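Remarks on the structure that follows.
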């Protein structure tokens, strides 16, 4: 669905990403993992066109890239216009892409979208400030899926949220994938979430791809040394297994 | 940042007190500007040489000028020209500045550079000199003063607004609107401008006080409102010859200019304290 082909971006003498190539296939969830500074954000910004890469290109297998590729940002406190109501925020894509021209029609579509992400229809006339982080991220997801995209890019969509609501938002994303047949590019540094959600992984290290593989391959048998250390840092929620793992190291 | 040396009044004043003084005082001045001509006790244009240069007293509370006209009545009649045209100038300069800044912000690097260098050229000429030149070239009148001051003041607004717009353009909600596919015009009108204008309101309110002084200055120099129309700056100019013998003729309108400038300055400060999140309480 979406292909990165040799993406490279330099800021002055600093190389943020170099020769990043991967493909997001239809219907899959692809995890893009790596620690801070590994180039995840730059890759995403190049993919959605917020940053122009110095070399390489992005290919989208479908018409209307702007409608077909949508994004959920990391910080739900910053990604919603504070001066627009939820109805305006979620309905804007319907308006600008000419999907639903009448305002009454948009309101009813927005109501349905809000319920789809687990919010209430009556929330649509409130402003973002009256919602919690988890609710705001649901609004952002509703905004993204409103235009019926084929690809959803989620840039660390739960890392700014309380642990208690992270799982809820991840489940909303998984439900959306199942219901709408979305392809999802999921950027994260939390490997537990990635393991739960992703079919395939691309591991970034220092602006380059360190390893690519299916979830099973990478979790069972990480090849790159960087992936091994990344996996070793994930706590295992079982004291016995954790002790075993530590002694094995 | 402006061509006017706009004074920042009482920067450390406590908020409630500032609010209590600034908002009502501004309301009173705007009201006077609106209804002034109708509450004047005498005809502001009635010449009576027998009554010339009377000191403030029972018949004429603020005295009379060299032509025997009642100064209080002329002040009230002139309030409209002075205060309202200052507001018009500020709004005009702000609108031109916003439009130019929006074009610069949306237009890409080349457009931005060109627009900002044009601003630099305007800003390199002192505002008063530029306004004086433009007003003189257009022929002395109130209208040319207004046009001249808009010409002199828009670059400062354009600079300020451009800086704020660029900051807002980089915010995540604007980026998310872009990834949603919102076209540039709508992006500017719905996402960028509404979240950028707070600092502009403050600048505009503060600038009104500077504009009042500038307008009066231009009238004083003879390129503003023409005699016999009652204009505060022109009134000061009229009274110049009598400063030693009839002090009130120049002093009273001078005080009115000062007081109005201070009130609008306080209003701007009160707005700033309210709207600027970096000046938290």
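Glycine too: its Cβ is placed from the backbone N, Cα and C atoms.
Feature annotations, reproduced from TrEMBL:
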TRANSMEM  B:21-40  transmembrane segment
DOMAIN    B:79-268  domain 'ABC transmembrane type-1'
TRANSMEM  B:83-106  transmembrane segment
TRANSMEM  B:118-138  transmembrane segment
TRANSMEM  B:144-161  transmembrane segment
TRANSMEM  B:200-225  transmembrane segment
TRANSMEM  B:245-267  transmembrane segment
Count, for each of B:21-40, B:83-106, B:144-161, B:245-267, the Cβ pairs lying under 8 Å from the transmembrane segment (B:118-138), and report the range with the highest count.
B:144-161
Are there residues at least 6 beyond the ends of the transmembrane segment (B:144-161) whose Cβ is under 8 Å from a Cβ of it, and what are they?
1-4, 85, 88-90, 92-94, 96-98, 100-102, 104, 115-116, 118-120, 122-123, 127-128, 130-135, 138, 196, 199-200, 203-204, 207, 211, 214-215, 218-219, 223-225
Surrounding residues of the transmembrane segment (B:200-225) on its own chain - C-beta under 8 Å, 6+ positions past either end
2, 4-8, 81-83, 85-87, 89-91, 93-94, 98, 127-128, 131-132, 135-136, 140-142, 144-145, 148-149, 152-153, 156-157, 160-161, 164, 231-234, 236-237, 257, 260-265, 267-269, 271-272, 275-276
Grab the same-chain neighbours of the transmembrane segment (B:83-106) for me: Cβ-Cβ under 8 Å, and only residues 6 or more beyond its ends, written as numbers and ranges.
29-30, 32-34, 112, 115-116, 119, 142, 145-146, 149-150, 153-162, 165-166, 169, 184, 187-188, 192-193, 200, 203-204, 207-208, 211-212, 215, 260
Where else in the chain does the transmembrane segment (B:21-40) make close Cβ contacts, counting only residues six or more beyond its ends and a cut-off under 8 Å?
70, 72-80, 82-84, 260, 263-264, 266-267, 269-270
